[in-house]
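Visitor: Here you go, one structure.
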Amino acid sequence: MSATIPSDPLLPTTLPTIIAPRGAGLAELALAVGGLAIGTGEFASMSILPLVAHDLGTSLPAMGHMISAYALGVVVGAPLITIFLARMPRRLMLVCLMLMFAAGNFLGALAPTPGLLIAARFVAGIPHGAYFGVAALVAAALVTADKRAQAVSRVMLGLTVANIVGVPLATWLGQVLGWRSAFVIVGVLGLLTAALVTVFLPHIAAGNASPRGELGVFRRLQVWLTLLMVAIGFGGLFALYTYVTPTLQQITHASPLAIAVLLGLMGVGMTVGNLAGGWLADRSRTATICGVLVWNAAALACFSWTSAHLWLAGLNLFLIGTGIAVVPAVQTRLMDVAGDAQTVAAALNHSAFNIANALGAWVGGLAIAGGLGLTSTGPVGAVLALGGIAVLAVSLALERRGVPAPTLATACK
């Protein structure tokens, strides 16, 4: 059962576009559980990598391809799925995406060889970006326009909570019961999400969405600039995060327990930043994006000297984690500049984040290999964050000169 409000350009500022029969809060919770599942699967696979490599009798670098395969699945799957399934009702699409995600993880748990595991991780990555993109649009449609970013941040909360709860739990299970159990628990979370979405989300038609209409997103300069800003600006966080564990081991001289606590502090920072970012973005998206990128640059630059002191490093990692506050603002900006191609634009945001992951890791690795040391990843990340600000400045300048940034044309009617 669903209840919708007739389309009217004035209504979105005062009323939600979609009424969830059991309340927007439970609908957002169902979507957030999906974020918890995806976040746990993505990041826990990194922490159990040594266990996987040892069990399958291969090297750590070779088994690292399963991380790359997942990221490739995200980048490829986000636009393709949202284009080809553009006419599918949104609740059904979300359920199908989570079933595919669960299947990919169960296949990974059963994989007898490195090659099959890498293929399974690619399959698991395909629905990642499309799920978050559609979930963000649905969450935004469940509330009034002035609370869109906060709704998006609550859905993304599952992704940040995964770093505090899901990843440590899956890692512990992997160590105690074997790495395959970690993929099983993630698959179960995927099935749970599919059930919750079925129960708590209303039927949501695709409206006027079509594959041809969604392809129109690739003709919008502002969409490309926003995605480029994410790929460069957010790459700074990944330049540091990719090498944070060896930095804490070799520079901070932290024990394994201390490293777990410090990474937990970073996860708490991400959760705080995510919620604060939604609140700030509903007041000014542009100011939030610019302000958070400046904040990121400063916090990343400081890590080159705070990393030598245990508790200063912990505080700094917490502050770096709050930089996730940019996500709700960027997601809603993409809604604003995408016109009628809402679904693909929202999904492409997560492709851009995965490109940022690859770019940050690559640039950080170059700095380390070039003899600058592990502490150089912070300043290198700061430069990338400033690069994101430069792209944003170009985008805003073009807007002022007349390159349009259309307001939200809801894809969920």
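Just so it is clear, glycine is given a Cβ too, placed from its N, Cα and C backbone atoms.
Unlike curated entries, TrEMBL annotations are predicted automatically.
Taken from TrEMBL, the feature domain 'Major facilitator superfamily (MFS) profile' covers 27-405. Feature annotation from TrEMBL assigns transmembrane segment to 29-53, 65-85, 92-112, 118-143, 155-173, 179-202, 223-244, 256-280, 287-306, 312-330, 351-374, 380-398.
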Visitor: The transmembrane segment (380-398) and the transmembrane segment (223-244): do they have three or more Cβ pairs under 8 Å, with pairs 6 or more apart in sequence?
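Guide: Judged by the Cβ rule, the two regions touch, with the required three close pairs present.
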Visitor: Three or more CB pairs closer than 8 Å, sequence separation of 6 or more: does that hold for the transmembrane segment (118-143) against the transmembrane segment (65-85)?
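Guide: In contact, yes.
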Visitor: Mean pLDDT across the domain 'Major facilitator superfamily (MFS) profile' (27-405), rounded to an integer, is what?
Guide: 86
Visitor: Are there three or more C-beta pairs under 8 angstroms joining the transmembrane segment (380-398) and the transmembrane segment (92-112), sequence spacing 6 or more?
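Guide: They are not in contact.
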Visitor: Which listed stretch (65-85, 155-173, 179-202, 287-306) has the most C-beta pairs under 8 A with the transmembrane segment (256-280)?
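Guide: Looking at each of 65-85, 155-173, 179-202, 287-306 in turn, the most contacts to the transmembrane segment (256-280) are made by 155-173.
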Visitor: Any chance the transmembrane segment (29-53) and the transmembrane segment (179-202) are in contact, meaning at least three CB pairs closer than 8 A with a sequence separation of 6+?
Guide: yes
